[in-house]
Structures are given as structure tokens and as C-alpha cells.
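Report on the structure given below.
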Amino acid sequence: MKRLYIFDTTLRDGEQSLGITLNLKEKLEVAHQLVRLGVDVIELGFPASSPGDFVSVQTIARALKGVTVCGLSRCVAKDIDRCAEALREAESPRIHTGIAVSALHMEKKLRMRPDQVIETAAAAVRHAKTYMDDVEFFAEDAFRSDRNFLVRVLTEVIKAGATVVNVPDTVGYATPWEYGELIGFVKNNVPHMDRVRLSIHCHNDLGMATANSLAGIKAGADQVEGTINGIGERAGNTSLEEVIMAIYTQKQRYDVQHRINTREIAPTSRLVSMITGVPVPSHKAIVGANAYMHASGIHQDGVLKEKQTYEIIDPEIIGVPRNRIVLSARSGRHALKHRLAELGYSLQAGDMEHLYQEFLHLADQKQEIYDEDLHALMGVCAPEARRYQLKSFSVVTNGHVSATEGADDGNPPVAAATATATATVTLEIDGLAVTDAATGNGPVDAVFKAIDRIAGIVICLEDYNLRSVSQGATALGNATVKITSGDSPSVVGRGISTDIIEASAKAYVDALSKLR
Ligand code: KIV
Ligand code: ZN
């Protein structure tokens with residue numbers, strides 16, 4: 001069986017495009033989880049893009065064992081130097097360098113002649129080879145390039161010593177049959193392809209990244225690139241979990257082997273969603289909350305008679321254990337620890353007490369605690385002390401619903417709602433309680449404004465998201481906010497509560513504590 005290498009770029013193509021700068025600790029946590037998942041290569045970032053990216057690539061590259069770590073670089077000598085420097089202490093380093101090869105990109109973006117592009121690409125690979133053996137070359141916008149030109153570029157970079165050649169569909173333009181055909185063409189027409197690994201890298205602009213990647217694998221690709229939950233530029237990258245499970249469910253079609261531990265898929269998906277603040281849609285293939293739920297009567301009847309009638313994947317395979325117990329305020333530390341272990345969380349000795357108190361607080365609010373609640377709890381329970389803590393808040397709202405004047409077009413008048421609110425918030429800052437009040441356009445806005453006043457800085461709210469963690473009147477609200485202030489990169493904060501205003505306030509305070 002052929003070996004398929006799994007290349008994860010969640011921390012580069014995924015993170016870079018979100019406008020979120022994950023901090024080093026968060027990136028490290030994702031990287032360690034990717035190692036547990038069993039990916040072969042982790043692209044850690046673009047070291048020349050910022051000093052922060054350099055340090056995080058360097059620190060994580062030093063820490064990871066048993067996996068190839070990779071840094072991105074343009075075909076520019078000083079980028080390659082920075083990349084090599086960041087990877088210097090890695091156990092198994094790789095430089096991923098490349099340049100655009102479509103006529104459109106070469107002419108309009110690079111303003112380079114095709115011959116210059118070939119020379120630049122080969123020179124970059126030769127330069128990268130002075131630092132390390134493993135050098136991957138990406139031919140940006142390869143799918144929209146002239147095929148004969150693509151063959152010329154790849155021929156030269158292989159001569160220059162590239163060990164992997166990557167043929168991306170950078171703008172997600174391909175259909176599966178076309179992309180598979182391109183990969184087959186490269187395999188058959190570029191000399192010495194047997195000496196290198198052929199990599200595929202797809203984007204999801206037309207919703208076909210997974211399908212295109214599978215077509216690429218069928219056509220003979222050795223390595224598939226993608227991100228967890230498919231996060232990434234615009235409509236995202238190939239979802240690695242979808243590729244892995246497509247192969248799993250139809251092994252005979254692909255005849256490839258990899259070293260992914262599928263039981264780590266759900267924990268990895270949750271971690272990436274939690275850390276990036278990008279929610280997984282409930283209907284998302286493989287890892288969506290509804291992916292294994294059966295709602296209609298006919299389906300429920302079928303599943304009860306024979307699971308496989310409507311269930312092509314046993315959720316336990318991706319690490320969603322079937323629930324046997326429901327926890328409550330009467331559950332002890334042992335039961336909580338046991339269930340968390342079953343869900344894949346390993347707790348440090350010192351974390352348990354704090355976590356248990358948070359669990360009891362939650363159990364008082366909502367009586368029955370399900371797995372989704374525990375995941376949400378683990379997502380917000382920071383072991384380290386936060387600079388800002390939400391102590392209390394109260395909100396008075398003045399809801400006012402009025403009918404707008406009758407529209408001229410004959411449509412009925414539309415009801416307009418305005419709600420002004422006044423919030424009083426107390427935060428503990430480095431141990432000291434500080435209270436302030438503000439009015440806002442609705443309760444959440446008023447609470448955020450009161451927090452701004454207490455913090456005494458100008459905060460820009462970039463994103464706010466509120467989701468219900470489970471169903472029913474006592475469902476938990478899970479709030480995520482993305483904020484920035486001054487020169488600080490954007491940060492994400494999270495909060496949970498059965499009270500959605502409290503969840504929002506907690507998320508805002510959590511983010512505030514992370515601002516630099
Ligand atoms: O989509 C793309 O072409 C890329 C390259 C930098 C590999 O992300
Ligand atoms: Zn990409």
C-alpha cells in the first residue's frame with residue numbers, strides 16, 4: 001500500500017488568514033495536539049513575516065519531536081535565511097519556498113518574465129539546500145498556469161534539489177476531474193518525479209477542496225496539505241479530517257496508508273475551534289455537532305433497527321465517545337475526572353480543584369451536565385490567573401417596540417425594536433475591585449462599554465459570536481469575542497454561562513486579559 005503523507009498548515013495558511021495572532025502558548029497547544037493526531041508535517045508559520053512569527057516558529061520547532069516541522073518562505077534569500085534560522089534546532093526541519101507560476105500572477109503581481117521566475121525558483125531552492133536537505137517547492141496558482149511552463153518550473157526545482165513539489169489550486173478554481181488530471185499530468189511529464197514527493201494543496205472557494213484533494217490522491221499524490229476544520233483564506237483550505245475519513249470509509253478506493261489516529265480528530269477539531277474562535281458549523285462534515293444526530297422519524301427508526309442504515313461513521317472512530325453518564329452537582333471529582341479522561345482531556349494535578357469549582361458553578365446553573373457542556377467548560381477554564389476577573393454585573397434594559405410608518409410600497413409596516421440598556425460592572429484587576437457603569441445599545445453593548453471604561457483603554461470589537469452549546473431552556477451560551485486595542489494583535493476571548501449576557505461579559509474580560 002502506498003504511503004500518504006499528511007501535511008497540516010492550520011498554523012500557517014489557517015491562522016494567517018484569520019487576522020488572529022494566536023499567542024505562542026496557543027500555537028504550541030495546537031502543535032502538540034497535531035502530533036497526537038499523527039500528522040507527518042506541521043507548517044508552523046512564515047518566519048520572515050514578523051518577529052512574532054519567527055519566535056513562535058523557532059520555539060515550537062525546538063519543542064516538537066517525531067514530526068517534520070516546516071516554515072514558509074518566498075523565493076527571496078533573506079526570507080529563506082530567516083526561515084532556516086527559525087528551524088535551526090528542529091529535529092526534522094523543512095523549508096517550504098515557492099513563487100507564483102500562472103501568467104496572471106507573474107505579469108500582474110510579480111511583474112516578472114517566465115524565465116526570471118524559473119531562475120528565481122531554482123536559485124531559491126539551491127539557497128535553501130545550503131541549510132537543510134528537506135526543501136519543498138510550491139508553484140503558487142499552479143492550477144491556472146500553463147502546463148508546459150509548470151513542467152519547466154518543476155523540472156528546474158527538482159534539478160536544484162527540491163525533495164517535495166507542491167501543485168496548489170491556490171484560488172479553489174478546479175473541479176475534481178480537472179485537478180486529478182493535472183496531478184496525473186505532472187506525475188507523467190515532469191522528469192524524475194520518482195525522486196521527489198508530489199504534494200497537493202487545495203482551497204475551497206467552490207466548495208470542492210476535499211473532492212479535489214481526493215482526486216489528487218487517486219491521481220498519485222504522495223502528500224496532501226490542509227487544515228483542521230478547513231479554516232483558511234477566504235472559503236478555507238481542504239479539511240484534513242474530511243480527507244482522512246473519506247479514505248477511512250472507502251479504503252479500497254484509495255489504497256493508501258497514513259499514520260493518523262482518527263480518535264484524535266474530534267479533540268483536535270474542538271481545540272482548533274476554541275483557540276481560533278472560529279466555530280465549527282453544526283452541519284459540518286465529520287466534526288459538526290449534528291454530524292451523528294438523527295432527527296427525522298424514518299431515520300431514527302432505521303438507526304434503531306440497524307445503525308448503518310443512516311450512519312456511515314461510528315462517532316467513536318473520530319473520538320466522540322458514546323455517553324453513559326450525565327453529570328450533575330452531585331457528581332464528585334472522581335466522576336468528573338473520569339469523564340474528562342474519556343473525552344480525551346489529560347489534567348495536570350493542580351488543575352482539578354479549580355476546574356471542579358467551575359464545574360459546580362455550572363451544575364448549579366443547569367442541573368445536568370452533558371459532554372458538550374464539559375467541552376465548553378474545558379475551553380474557558382484557564383489554569384493560569386487572569387489579570388481581569390468579572391466579579392459581578394447588573395443590567396437594566398428599556399425595551400421599546402414601535403411600528404415604523406406605513407411603507408409607500410403597500411407592504412405592511414415593520415416593527416422596529418430599540419433597546420437602551422445601562423450596565424454596572426465590577427471587575428477585579430490584579431486583586432482590586434473596580435466598578436463602573438455605561439449605557440449602550442442593548443445589554444451586551446452596555447456591559448462591554450462599562451468594561452471599556454474600567455479598563456481605561458480604547459477597545460475595538462472585531463467580532464462577536466454567541467452560540468448555544470446544547471438544546472433546551474438551560475442550554476449553555478458560549479460567547480466568543482475578538483478584540484484589538486492600539487498596536488496589539490487581535491485576540492480571542494471565550495465565556496460560557498446559561499445567562500448569555502454573563503457569557504458575553506466573561507468572553508470580553510477573557511480577551512481583555514490577553515491584550516498586549
Ligand atoms: O494556496 C497556496 O498556493 C499556498 C502556498 C503558499 C503553498 O498557500
Ligand atoms: Zn494555500
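Just so you know, the numbers here start at 1 and follow the chain as drawn.
Just so you know, glycine gets a Cβ as well, placed from its N, Cα and C.
Unlike curated records, TrEMBL annotations are generated automatically.
When averaged over the domain 'Pyruvate carboxyltransferase' (4-266), pLDDT in the model lands at 97. Look at TrEMBL and you will find 4-266 tagged as domain 'Pyruvate carboxyltransferase'.
Marked as Mn(2+) binding site by TrEMBL: ASP13, HIS201, HIS203, ASN237. Within 10 Å of the C-beta of ASP13 (Mn(2+) binding site) we count 24 further C-beta atoms, all protein chains included. DSSP classifies ASP13 (Mn(2+) binding site) as helix under the three-state reduction.
The region 'Regulatory domain' annotation in TrEMBL covers 389-516.
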Task: ASP13, HIS201, HIS203, ASN237 excluded, remaining Cβ within 8 Å of their centroid (Mn(2+)) - done: THR9, PRO168, THR170, CYS202, ALA209, GLU225, GLY226, THR227, GLY232, GLU233, GLY236, THR238
Open item on the list: Based on DSSP, tally up the residues of the region 'Regulatory domain' (389-516) by helix, strand and coil.
Closed with: 28 helix, 64 strand, 36 coil
Task: Three-state secondary structure, ASN237 (Mn(2+) binding site) (per DSSP) - done: strand
